[in-house]
Ligand SMILES: Cc1cc2nc3c(=O)[nH]c(=O)nc-3n(C[C@H](O)[C@H](O)[C@H](O)COP(=O)(O)O)c2cc1C
């Protein structure tokens, strides 16, 4: 089991503790990159000092390879993007053979994102990842809006609880549950994942959306409906983090429209212990380094000597 990977070249002044603890998962700092927006990290190696990241989430892998959805798969929107990739990937065997050996060398926490069509598939993938060198944790993608049946586990609290419990029982690795905002009550889903023993909750995946070509009278996305991400969804994500933090003690990872230092700090004080950067990686690929550089001074501005000191300190 390998749940703690230390970075050696932290830029933080010694008096500021950037490390965070997400259940059994230890990160050297709270800045992670979100699944599906950072490739398999190799693509970003010429731009980003990968060893400085708190954690890397490669693109979600599934048991069998998937072709993904018909084009178009991405559309730019007023303040973000719509995507309907549909979990295009080569399957977990190919991931372990072609990508994990490289990821293991990076000196940061690798959190492998998995999605199954059934609970059994999730469990089998957890068993397969257990003990693989360099895998620090597993994120259960129970929130992808772009695959048929992709959100059942993320919208039904009972199914969610059973799935997370089964995955926890199937391996020694820390388990993160990535939830969808496309539910009536994020608090019910957070309670369910937390009760099942999730080490952390990742909030949020994309919000369902649509784009239309009115002249052609047709949808822009091949899959008609897709997932909205980027600055447009930040207020929704903040609301989800806030509501979840009110009902569970499980650490939360904030995701959704984070693009600046202010965005990241807003998530931390609202209740997130760490963040994942997503869509911003496409238009500002070095942003993770910028935020890491700026974080110690922002903590100091609040009089804090550690990240943990400011998490959930919002005064309402
Ligand atoms: C092109 C694209 C592909 C994505 N693929 C995945 C994926 O494979 N697995 C996953 O859990 N989330 C995926 N996401 C969702 C992101 O990880 C993130 O949860 C979401 O985009 C919200 O964060 P953001 O607004 O910072 O992008 C994808 C997002 C985009 C834009």
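Including glycine, each Cβ sits where the backbone N, Cα and C put it.
Keep in mind it's a predicted model, so treat the numbers as computed, not measured.
Annotated substrate binding in TrEMBL involves 59, 83, 84, 85, 86, 87, 205, 206 plus, out of the candidates 29, 141, 158, the residue 141. Site annotation (TrEMBL): FMN is bound by 59, 60, 141, 178, 204, 230, 256, 257, 278, 279, and the candidate from 19, 35, 306 recorded at this site is 35.
Across the fold, the C-alpha of residue 144 (active site, nucleophile) and the C-alpha of residue 178 (FMN binding site) stand 9 Å from each other. Comparing C-alpha positions, residue 279 (FMN binding site) sits nearest to 59 among the binding-site residues 59, 86, 141. In the vicinity of ligand 1, defined as a Cβ distance under 6 Å, the following of the binding-site residues 60, 84, 86 are placed: 60. A separation of roughly 10 Å, to the nearest angstrom, links the Cα atoms of residue 86 (substrate binding site) and residue 60 (FMN binding site). Nearest Cα neighbour of residue 60 (FMN binding site) among the listed binding-site residues (84, 141, 206): 141. Among the binding-site residues 59, 84, 141, no residue is found with its Cα located within 10 Å of the Cα of residue 230 (FMN binding site). In this view, the densest Cβ surroundings among the binding-site residues 84, 141 belong to 141, judged by other Cβ atoms lying within 10 Å.
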